[in-house]
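Peer 1: Sharing a structure here in structure tokens format.
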Ligand SMILES: [Zn+2]
């Protein structure tokens, strides 16, 4: 089983990816983790990617795909969850071609969906403890005392990338780059839209039903 999980920033994608990987014993493919790991073990792909990462540039697609192909071959007999990858149509098409060479394909593409206004509200209300790194949300997951970390009593701060202008920019990039995956996966008959406005338990239940339905059919 090959599952793609995508969605705009702030919908709780990371949380669902963790829950899914645990429940279904999926090998998680996350681009950021993967790149860091390749650099850490000093692999040939890692050595090619390192200068781009150090300069804060995007790693070129040809390097990304060498890495993806190595991963697909290494884990060809296990179930995989692609977390935040592919990010655009070109990556989605190339991924499908690479899988086809192994007689595989994406079986389910899940999009976590929230209206932009709701995403902005959530991210604007996110607070972060500079001391222990714990993340709170004033609306959905507030600390016991307003503005103060439960763990260490430090004053909570708002991160710069949670400012409204930055959030709007990230949502625009998502709209342009990633949203076209919706149509792409619809055409492949694997697309499922998930309402992310409910609790994380309810989201997970919905996703589990989809996956169980798929495995029952097989
Ligand atoms: Zn703290």
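Note that Cβ sites are derived from N, Cα and C of the backbone, with glycine treated the same way.
Annotations in TrEMBL come from automatic prediction, not curation.
Since we're looking at a predicted model, the values are computed, not measured.
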Peer 1: Among the residue ranges 87-124, 125-162, I'd like the one that TrEMBL describes as region 'LID'.
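Peer 2: Going through 87-124, 125-162 one by one, TrEMBL gives region 'LID' for 125-162.
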Peer 1: Looking at the ranges 30-59, 180-209, which is given as region 'NMP' in TrEMBL?
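Peer 2: That would be 30-59, per the region 'NMP' entry in TrEMBL.
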Peer 1: Using a 10 Å radius around each Cβ and all protein chains in view, which of these binding-site residues has the most neighbours: 36, 126, 170?
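Peer 2: Of the binding-site residues 36, 126, 170, the highest Cβ count within 10 Å belongs to 126.
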Peer 1: Out of 10, 14, 126, 129, 136, which of these binding-site residues is nearest residue 86 (AMP binding site) by C-alpha distance?
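Peer 2: Checked the binding-site residues 10, 14, 126, 129, 136; minimum Cα distance to residue 86 (AMP binding site) goes to 14.
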Peer 1: Which bits of the chain, at least 6 residues beyond where the domain 'Adenylate kinase active site lid' (126-161) starts or stops, bring a Cβ under 8 A of a Cβ in it?
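Peer 2: Long-range Cβ neighbours of the domain 'Adenylate kinase active site lid' (126-161): 167, 170.
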Peer 1: Mind running the binding-site residues 12, 129, 132, 136, 149, 152 against ligand 1 and keeping the ones whose CB falls under 6 Å of it?
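Peer 2: Near ligand 1, sequence order: 129, 132, 149, 152.
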